[in-house]
């Protein structure tokens, strides 16, 4: 038995060690549970967080505002963000960057680069020699790419979120415009990597808005489809989205609400910024007219003046949305000349007349892509700040033909709230109610390849093939597999955008390269040589369009199959064990797995994709990997495969149906042979049927990016280091400013305290003069040399002054604490003395305290009284300017020692059972002696709660010093004369615990 116990002890230790490790991991994880979202707009951003106990909250910035301008000011030795950077735009417009998101993923020849240069001529733009991307040249030493600037903004947004959440945050969902292509989305992901953020998803801002709308109206969604149109006009662009809300049946969670993006239309340059720029141009013209005869320079040539005019134009646009006219005025616009001019709403609408004509464009695009009419749209909801312009609402209302426009959504914060809900859903730390999101592909993607064919004997030609990989408005995230059946050697294929005819000529120029990637395969021929006896099933390329809308090539495989005889003896013990475990947890072996045997590589179920019709004789097949399907009765069934495009897909479907029928009829399967052949004789039944063995060989892949080359890893590492250095510099600057402010505040506060009576009472004139002189010298040093002083020097100067004033502050603080501490000590001494007196009056037959215990308490009481009187007498002899001998910490120590003794006796009284009284001949308890005092006769020991008076007495507990640690013991509160000694039963029938004042 002892040996068995010894064997179990190590196991228990291991179990406890594992529990400790798991608890440590959970505690560490609890510190990083918060997630965030960043609604990255052209003009401003909104940040939201979710953390335990704080569901979906918008983060306030340092100015306590819910919206932060996306502006960065970069100087040689400091950076400014948000409102601080906006104010710096007037002083240093060249170093202040705004609207830089318009340059993400753009090369030098993109029309948006020229448009940005025309709008903001104060910025000097240079170009990367390898990638031909844009860089901001701030000075000869400072140069930043748009990705780096965006990384700074994302890092700043994280700092705001961390300050608000009071814990570190790494996981984030970032919104991007729906019209961002692959290059622009990859640029945002690179910026997030530079900032050290883990991007859970890049969510389209229109999808985030639709999700926020659906989450807060979950009860209104039912099985009937509801089509809602969201019209979002922001600062830089306009997007119109048609969303269908409906309850659908899912395999994982049953009936759940779903939003599906049905149609999208957009205008990249239609927004509030263009209106402000036209107002700025109008104001600049008015100012030049006012100074026409003064030979003054054109105000457009002054960057500071133009920055002031742009700020005034922004304010003017907002005011004119609610007023018919307004007076624009700027003090000291240029050359100390003030500007003042009246602008009416009619003038503003005339300036932007062509912009208002473009308002219905995105609506028509969205309807066309969704293949819907306006009659099918139930409601049109406004989103975005620019939709507050009255003329925009008038034109839009006329275009959609509705009675009114919906304004029942927070136009500024809806996207941020939807994105943070998605962040919580993607995070493993939170459990949210499911909401199915089916986003849509805006730009179709296809695969192109060229193959040599023999049209006539001896005549060869090249045939160009195209296969649509992801069709326009198709759902994503999604995986696709394309199979090349007629290649036995290395070859190349190309991934390009599909038909972009829905874009205008100017939009196509802004879009950039329509070629994405060239894929070069290496090792195809070697794979055929490795398996000469196997039948080739083609070269399979696996594609993934992830949640962020970013396309990737997961892998390319060469697949071979052959028929082998199935023998039960060939199965090893390990294989049998694995099959048993799989059947237990996976519900049994699938027909495909049985057919392919143990050497197979499980593939996702494949189905023909749209637009994959081949020419006669073509064997290239496009398939879709199965994901958790959503049953939606409103969607039309997929088109049936035609011709020779998907022969393998048809066979797979037939085989699947056959497997299902076999599973439903096991008796028929047992009687019938393979392929429906009649049952074989008994002798032949012993032979095992042949099975397929599949072999998969990984093919080497070389990717040549054509749209925009990714930033090399070494360059990316340099950018990461650059941003980290800037962040460290900012932190050091903040630390230095904090030290300087602390030193300055200490000097002013102490100089003021020297003239207060309580400080003059405990100090001599010489002491105050010494301190005052040191403070004045430190103040002079801070003004003269403090500008160049380091953080360490400032902290050392502050420590020196605090040490000088330490004695003075100590004497004042002690005198402030004396009345309260001495009063508490007196109360405790009085209550303890009363408690001791009451304990000694307990009759001997009921006494629960020993003489040693009561003597010990009496000794502590007497020693405390003696210490107090002696210390007070000694303190009275000392002058107030000397260090006191009566210290508050000593008073607290004496109180703790006394309280510890009393608490011990109270605990003993609480848990000790009363002694049973002897009974007389009549069966009644003996009365107390006649000579007992009145107080003795009235005294009664109350038994603990839950025990009867007849219970057996328990042994006397050992003396345990409870509450011996400082701060764990409260002063005793004993009742005065007349306190009720007996306990009253509570309503529950139990007796409440004994209190200190009831003995």
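We number each residue from 1, going along the chain as drawn.
Even glycines carry a Cβ here, placed using N, Cα and C.
Here the candidates are 567, 583, 935, 955, and Swiss-Prot annotates 567 as phosphoserine.
For residue 155 (N-linked glycosylation site), the number of other Cβ atoms no farther than 10 Å from its own Cβ, over all displayed protein chains, is 21. Cβ neighbours within 10 Å of residue 515 (N-linked glycosylation site), excluding its own Cβ and spanning all shown chains: 15.
Note on the motif 'Prevents secretion from ER' (996-999): mean pLDDT across this stretch is 36.
Around the Cβ of residue 869 (N-linked glycosylation site), a 10 Å sphere holds 10 further Cβ atoms from the protein chains shown. Within 10 Å of the C-beta of residue 222 (N-linked glycosylation site) we count 12 further C-beta atoms, all protein chains included.
Rounded to a whole value, the Cα-Cα separation of residue 862 (N-linked glycosylation site) and residue 515 (N-linked glycosylation site) is 95 Å.
Taking a C-beta cut-off of under 8 angstroms and a sequence separation of 6 or more, residue 883 (N6-acetyllysine) has the following same-chain neighbours: 807, 810, 811. Other C-beta atoms found within 10 angstroms of the C-beta of residue 862 (N-linked glycosylation site) number 12, with every protein chain shown included.
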